[in-house]
């Protein structure tokens, strides 16, 4: 009889695993297929690409309508598949996609355009909208309006000004109001689980934070551990991403197979490891007819393989949604809820799964996996301290999560505010600040932040705020001399010459120079987008002459010149058109930023960052030398 019962149980577990694995594989296939076939830029968090764009690097197809749709559907499927990733990074990317589409007035590819939005279609407003979208995404992910503003300031935006501050704050305020409205509507149960939890995701305000000077020792230790583990995680993740890039280069099929392989490995780990830990007995006061409460199968106490009245603490962490797992591990006044072996296994599993999951062809975020890893070793340290500390184990978990995030992402101010808004406990502020500063300092001793590593791996150039040491000993003239010769145009240029320059180079700006006998005069800078607009509208002159202002105003509006440059391949010109002329003077910025060739590269870098430049002209000390270069 006992053998029959064991056989039935084994069959039940195998059937459960098959169903569990099948659902996860199906959801992963949906997310990966959408990313691979329709929007490859939707894979990953998208935050490094947003940083690069706001730093002045064009990232094609990063903010399109197809990317937005795939990001939304793919992130839902990837998170539901149980993969070790979060929705926070994708939400930031989703916010920037919405902002970019609004800034462009819609999408031409899908024939959705709103003319009244075209007035925002210029470079500065477009960058501001994308910055507001990034802050709104963080606010929506963590329900942290002030943290979202500070995240945009500290991590995303390259050029910040006072007007952008209130715009991002207004954006996050709107997000919070809308979220709160939906939660009030959904409190009656009409929206499933959406309205649960309120604006405070991981509330630990019920516990009083008391600590003595001796408690600062484990706090400092948590900060050091977070810095070391964060830098180690960045190093290992770089190795895995390089391996994945070699696999992904082989084609779309390999991308799909890699994603499915990671999903299968994740399903095996999540289902099998809870069998390794013993069952724990529920507190008698919590029992309901002899059964542990499960909060509607979304919270604490997963029974898994345990008898009635018992729960599997590792399954409680692994088989809950990420938000619920964080609430479980942040729970206060529960010193015996989780066994040390369960926390150790959970930490190891999430470290391994986090390394292998990030980089596959699905939308993914780093925030929640890092929070779960950090909270696990933080709670372990709290268990080890036992009665030697006055700080609750749940608060140790909060500090551990903050330390690992700072050690990996190297953020301080925004993380501090995000964690305060997440946990609703202002008394944690002093020790949270201490942990963040220590972990960032320790991590900086080993390697850059995780987003800087991804930027370098993807080959996206990024102009850092702090110039390198060698830049002080090199002038901009010497740097320009080592580069290819500058491509310049005359004030009145042949159409054939303009078309040749646009096809032969990918520069976004060209100096306009008029050359007379024995004299060279710099007229200014003309943008690639303006040249393509002129060619597209075929505003040509049959003879070589200057145009009047009224002639330009009849043909062009400010909206025309603010639109993003189209592809030069779309321009169709006849042989007759090629022999005509274009007067570039009306489209030339006559007062561009210029520096003398003797200026140090370090000063030029500071000028680029502080003023938010996209082009900088280098002029010679002597007029007879001619214009030397443009950057």
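If you go along the chain as it appears here, the first residue is 1 and each next one adds 1.
Cβ from N, Cα, C; glycine included.
Automatic, uncurated: that is what TrEMBL annotation is.
Computed from a predicted structure; not experimentally measured.
TrEMBL assigns the feature transmembrane segment to residues 338-359, out of the candidate ranges 294-315, 316-337, 338-359.
As stated in TrEMBL, the feature transmembrane segment covers range 191-211 out of the listed 128-148, 191-211. The range from 159-179, 369-389 that TrEMBL describes as transmembrane segment is residues 159-179. Proximity of the transmembrane segment (426-443) to the transmembrane segment (62-83) is not established, fewer than 3 Cβ-Cβ distances being under 8 Å for residue pairs spaced 6 or more apart. Against the transmembrane segment (17-41), stretch 256-277 has more CB pairs under 8 A than any other of 89-107, 159-179, 256-277, 338-359. The stretch from 62-83, 89-107, 159-179, 256-277, 338-359 with the most CB pairs below 8 A to the transmembrane segment (217-236) is 338-359. DSSP assignment over the domain 'CBS' (482-543) gives 20 helix, 22 strand, 20 coil. Non-local neighbours of the transmembrane segment (256-277) in the same chain are 16-17, 20-21, 24-25, 28-29, 31-33, 36, 81-84, 244, 247-248, 304-305, 312-315, 318-319, 339, 341-342, 345, 349, 352-353, 356-357, 360-362; each lies 6+ residues outside the stretch with a CB under 8 Å from one of its CB atoms.
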